[in-house]
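Quick look at what TrEMBL lists:
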COMPBIAS  B:1-11  compositional bias 'Polar residues'
REGION    B:1-60  region 'Disordered'
COMPBIAS  B:31-51  compositional bias 'Low complexity'
BINDING   B:HIS106, B:HIS343, B:ARG437, B:SER464, B:HIS542, B:ASP550, B:HIS554, B:ARG601  substrate binding site
BINDING   B:HIS146, B:GLY195, B:PRO196, B:LEU197, B:GLY237, B:ASN266, B:HIS343, B:PHE518  thiamine diphosphate binding site
BINDING   B:ASP236, B:ASN266, B:ILE268  Mg(2+) binding site
DOMAIN    B:434-606  domain 'Transketolase-like pyrimidine-binding'
There are 2 protein chains.
Amino acid sequence: MATSSSLTVSQALVGRTHHHGSTSTHTDRVSLPGFNLSSLSSSRTLKSSSSATQISRKRGGVATRSSIRAAAVETLEKTETDLVDQSVNTIRFLAIDAVEKANSGHPGLPMGCAPMGHILYDEIMKYNPKNPYWFNRDRFVLSAGHGCMLQYALLHLAGYDSVKEEDLKQFRQWGSKTPGHPENFETTGIEVTTGPLGQGIANAVGLALSEKHLAARFNKPDSEIVDHYTYCILGDGCQMEGIANEACSLAGHWGLGKLIAFYDDNHISIDGDTEIAFTESVDTRFEGLGWHVIWVKNGNTGYDEIRAAIKEAKSVTDKPTLIKVTTTIGFGSPNKANSYSVHGAALGTSEVDATRKNLGWPHAPFHVPEEVKKHWSRHTAEGASYEAEWNAKFAEYEKKYKEDAAEFKSIYTGELPAGWEKSLPVYTTESPADATRNLSQQCLNALAKLLPGLIGGSADLASSNMTLLKMFGDFQKATPEERNVRFGVREHAMGAICNGIGLHSPGFIPYCATFFVFTDYMRAAMRISALCETGVIYVMTHDSIGLGEDGPTHQPIEHIASFRAMPNILMLRPADGKETAGAYRVAVLNRKRPSILALSRQKLTHLPGTSIEGVEKGGYTISDNSTGNKPDVILMGTGSELEIAEQAGVELRKEGKAVRVVSFISWELFEDQSDEYKESVLPAAVTARVSIEAASTFGWAKLVGSKGKSIGIDRFGASAPAPKIYKEFGITSEAVIAAAKSLL
Amino acid sequence: MATSSSLTVSQALVGRTHHHGSTSTHTDRVSLPGFNLSSLSSSRTLKSSSSATQISRKRGGVATRSSIRAAAVETLEKTETDLVDQSVNTIRFLAIDAVEKANSGHPGLPMGCAPMGHILYDEIMKYNPKNPYWFNRDRFVLSAGHGCMLQYALLHLAGYDSVKEEDLKQFRQWGSKTPGHPENFETTGIEVTTGPLGQGIANAVGLALSEKHLAARFNKPDSEIVDHYTYCILGDGCQMEGIANEACSLAGHWGLGKLIAFYDDNHISIDGDTEIAFTESVDTRFEGLGWHVIWVKNGNTGYDEIRAAIKEAKSVTDKPTLIKVTTTIGFGSPNKANSYSVHGAALGTSEVDATRKNLGWPHAPFHVPEEVKKHWSRHTAEGASYEAEWNAKFAEYEKKYKEDAAEFKSIYTGELPAGWEKSLPVYTTESPADATRNLSQQCLNALAKLLPGLIGGSADLASSNMTLLKMFGDFQKATPEERNVRFGVREHAMGAICNGIGLHSPGFIPYCATFFVFTDYMRAAMRISALCETGVIYVMTHDSIGLGEDGPTHQPIEHIASFRAMPNILMLRPADGKETAGAYRVAVLNRKRPSILALSRQKLTHLPGTSIEGVEKGGYTISDNSTGNKPDVILMGTGSELEIAEQAGVELRKEGKAVRVVSFISWELFEDQSDEYKESVLPAAVTARVSIEAASTFGWAKLVGSKGKSIGIDRFGASAPAPKIYKEFGITSEAVIAAAKSLL
């Protein structure tokens, strides 16, 4: 492990770096950023120096930027740089024109990041535009998702069918493939859904983790079937978000050498110069996080610096690399560059014209010059050959390493091994009472034997969440083939990293865990799981006041309701072993819909009437002594309170009542059922209904109806032993019985 | 501004540091951490050296800890150190005994942090135990809140009435003053509510900001009425949380020189050695964040090192200081120290006995030795005299600076200036249509003139959230007297910093802003606002699909419902100017209940029938052509959809229907009304009810009833111009009319 506090920012001055054959002269092009440059395409060339001149910028008082040396650079022949300039300006103007047409969007970032974007997609990355899902592609994440026109322009040039010219013209319009932020579920070629800042870099950490894990697990000395990089562009906004620090701390800890992040250091955020709120030394922080840091001082036109930095980054294999690329936001716009006004609004007709003049761009909107088109056209053939080569390699692999290949194939195709469900433990009413968090661990460990893609862990609560896979060791820098991920106390990054894992390969089944109340720390990532259709399994224990003494800061109240309201996520609260196994079955099957399992700290008995099949319906009768679908009263509960409802049912039946007890483990699954089924569980004619759940009653009115009663907790919790809190808060079978009687 | 990336960890070797008069010899006490020390009270004394010896620890591969030099130390007379040892062990055993009695809790931190705790509360901090709210007290925050027995023990020794011996014996029991985590609303002397990791350090940043702001605004060359420090203890868990990095980046940016944070560097978290997930160099990161960093290598017995570090920290006035204190978790426990097993569980009888023997502690549980009691007893008189002195100073100030004194007094007493409500803007149906975010800005700017404690800002969206106070400049390092706070893209820290501001002085009215959807990033802090009863105003704009093109990542859907389910928070969604002004009135008046104002990006018309008085009831009729409280149908809406409901009402009335239109701006306020009032708005007999809200319908069943219909959005949003999305999603008056007709 490296010594980083001594700040030996090792910046090997790398040798020949570019991608297009040899250069005969070393020239170093230095341009000042963005104002009234009469012609960028004929950039001034100066005699070589081995490092770039530092660009002087107005940065009130912050003098920290000179300690990181820049990488050495080499340059290309003039004809080649002309073509690159053309391509870079094509990217800039596709962004300008699309934002202008939509009269909405963010032109500033694409204009500043076009050079790194061009170099990545045209010179560095391996991908197959005609099969965006080819397994061994390099991954790219635009963490600064508002700059999505950069990525749409690049996908367009690279030949992805998802972004044709007409799609660019439909930027930000209803039903288009080019929404306002990158969405993997709308646009093939987009790996992850970004926009909410900081998520993307954490997703990228998850993608890089996936590669490192799969490579360690499946590569053989004679066959490297897993071998790709993960690239990411993040901006000042991402850097400020806590999630980015969490994720990058883990990336450093894990030594994700194939993660290369470009920090678009443009000094502008929405409120103006970053000087007003962001004067830390990002370089130093990343050194502290264990990253290799390189500074490209001229990101606007310093193509060779960018190339050299990437080469250097690849040479550092034991650490992730941050390439700080100093750029000018809105580069090329004579009056708006380097200001917040170019961040998030169209330039306006006259400024578009001025920018065209300034950058020497005579073309009509959305025009791609022929030579640029021609230049990029090779990616289709190249991509096909990358894939063919890899397919051949894998065919060989499959012959030699049959078992490994089967496992690997399951991960990269998403096809679950036949019979995996049979691995789930079987519980009966005779099984010993246990906390659902413990039953969950039994399920996880059973599934791990059959599901090669199951991987995950906890945010420093593995021994409380009960999430360790006993047959595996820890995923660590030196043991990346293992499957227990130690996220530390970093819930938000944990969720986003799991999103990255889930989107890396369809057969990955990432799970992660913390106390249910701390979903508050990771909700933004969980929402993106739901939105981007990644079937992450959230194992959330200590799901109520049942956790006891830790008190109200640790006791979830509104959390169940808050997730029931969230689209495309399954909120499951199992009541015993059968329901826990059922919840895992549902969670594993729902690969495009994340699941939250709310699990108890306290022991629960296994109830007669619960079943895996019932779980799949979301709400189902667990006991009933009524006939003709006409119970006197319906009692409903979830999780740890289902047994309370059942006890109340037993008592009421003793008094001669016809009582149905219903488990509502997942409202979403119940909602998906037919009206007939719903009526069979909750007949409209029966209005005497009582619910009990140790949580906010918010939302239950829908199930208990206008005349029903809901027993729950519409206040914060308290610090005391759990049974005492249950009693004081009235979460008891006596309360259910009293409520039922009041309705009869 | 300092150059930090060069890592000039300036560590002035300070001179005489202790607190108790002079020492005649310099001796340096070095003890190895925690195992089988036969007697700590007779600590080995060695000949002096000017810096502490580095303790060698098992820290697999991480060799980054030697670059930060330790502070110079001096020591006390043996008799004095004996007394300190006694006091420190008293703290340790109060924690051990309380956890043991409760059979629940976290003894490890108090055992390790007792020395710094003792020094802070006995030697350094100014406070008045008999008036825990004395304005100019030093503030202390235990960010690692699970270690609360440390703080309870200290409050007990210091003479706070809130923590008597019987309270210690009721640790973690129902109704006690000593809950499982520190709760300001339960225990006087506790400044903020902690437990969820990372929140406390961010609260501390808010407290230190408050001091810096008030000092700059009110101190005079001849009268420093504001002058206190903010101390904080945070652990490895806090350090891993993203919120801590966000907050500490801001603290560095703002140069909060009177913030002194102790990092309890004990290398243990719940899952074991921090080596498994946390190997970054915290020192280096904090250098990058612009902090002064000191390392105390022996936090277990190195009292003088701790004292020297605090002295040095105070000498650095332009930067916050992080004192990394290397401790042994569970120090003194022969078999459990330095392991996760001592983190969060009682030691158990035999280990308690062994620890008593090991630390030479013959006393019964909860015993405080007489000499320790006597020593600490001076704080009552000392505290009273601090306060008397300050009162006298303030009386002088009041005479000389009448206006300033009145403003200041309003802030520190919480008494709002008479007639403040009159400052709210008045809107009529003739007022020009406007977005509620703009109307909100008018309200904020009007209020700022009359409310001296109004302070706040946005997470880099000031120009979108419309939150700038035009009469003030930016709160910055050099202009801390100003009131516009620039939080950068750090939502989570923003919320927690506002909690700190709100809890600093009851007259502070902190507000903060971002897009409503990004409450997901700060929800944990918002929940603590609600729990700890701080009236933070959350100005949340772009509150629906009405934001348009940015698409589903930026469009809130489930957020309104998710906050309606949260206890003790007001979720307000005003429909126009009158309701926006009313929402601010409610928000300002509710000083113990935070408010969320969900505000539109798009223009809305001012409706007839809306009113400030109506807002205060939460739900109220804005138009009605029915008689006898018997409308044919009740239409309900909130915010931007209220005008849609009203339009539908107008149309239906044209067709002869008796239609009531109700604004449900705040469900919580409506819930607080009498049954009679509720019946007057929603008569039980009228079951034809339709709601419309551009959000999840979750929860509306309670208001529309079993037979009613809810129009809303139970899916994620889309990227397109807002009117298009409204139309495609059916959020239209036509849909309301159709639903109403289906019920008639």
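Using the three backbone atoms N, Cα and C, a Cβ is placed for every residue, glycine included.
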Cα distance (Å, whole number) from B:GLY237 (thiamine diphosphate binding site) to B:ARG601 (substrate binding site): 38
Sites among the binding-site residues B:LEU197, B:GLY237, B:ILE268, B:HIS343, B:SER464, B:ASP550 close to chain A [C-beta, under 8 Å]: B:LEU197, B:GLY237, B:SER464, B:ASP550
From binding-site residues B:HIS146, B:LEU197, B:ASP236, B:ASN266, the one whose Cα lies nearest B:SER464 (substrate binding site): B:LEU197
B:LEU197 (thiamine diphosphate binding site) versus B:ARG437 (substrate binding site) - Cα distance in angstrom: 33
Least Cβ-crowded entry, counting other Cβ within 10 Å, from the binding-site residues listed as B:HIS542, B:HIS554: B:HIS554
List of residues, in chain order, with Cβ under 8 A from that of B:ILE268 (Mg(2+) binding site) and at least 6 apart: B:GLY108, B:ASP236, B:THR274, B:ILE329, B:ASN338, B:SER339, B:TYR340, B:HIS343
Spatial neighbour of B:LEU197 (thiamine diphosphate binding site) that is closest, considering only the binding-site residues B:HIS106, B:HIS542, B:HIS554 and their CA atoms: B:HIS106
Cβ packing number for B:PRO196 (thiamine diphosphate binding site), 10 Å threshold: 28
Chain-internal residues near B:ASN266 (thiamine diphosphate binding site), provided their CB is under 8 angstroms and they sit 6+ positions away: B:GLY108, B:LEU109, B:GLY112, B:GLY235, B:ASP236, B:THR326, B:THR327, B:THR328, B:ILE329, B:ASN338
Whole-number Å value for how far B:HIS542 (substrate binding site) lies from B:PRO196 (thiamine diphosphate binding site) (Cα to Cα): 28
Largest CA-to-CA spread of substrate binders B:HIS106, B:HIS343, B:ARG437, B:SER464, B:HIS542, B:ASP550, B:HIS554, B:ARG601, angstrom: 48
Those binding-site residues, out of B:HIS106, B:ASP550, B:HIS554, that come within 10 angstroms of B:PHE518 (thiamine diphosphate binding site) at the Cα: B:HIS554
Whole-number mean of pLDDT values that fall within the domain 'Transketolase-like pyrimidine-binding' (B:434-606): 98
Long-range Cβ environment of B:HIS106 (substrate binding site), under 8 Å and at least 6 residues apart: B:VAL99, B:HIS146, B:GLY147, B:CYS148, B:MET149, B:HIS343, B:GLY344
Cβ neighbour count (within 10 Å, all chains shown) around B:SER464 (substrate binding site): 19
Pairwise Cα distance for B:HIS554 (substrate binding site)/B:GLY195 (thiamine diphosphate binding site) [Å, integer]: 30
Among B:HIS146, B:GLY195, B:PRO196, B:LEU197, B:GLY237, B:ASN266, B:HIS343, B:PHE518, the record's thiamine diphosphate binders - longest CA distance, Å: 34
Rounded Cα separation (Å) that holds between B:ASP550 (substrate binding site) and B:GLY195 (thiamine diphosphate binding site): 36
Cβ packing number for B:HIS343 (substrate binding site), 10 Å threshold: 23
For B:GLY195 (thiamine diphosphate binding site): intrachain residues, at least 6 apart, with Cβ closer than 8 Å: B:GLY145, B:HIS146, B:GLY180, B:HIS181, B:PRO182
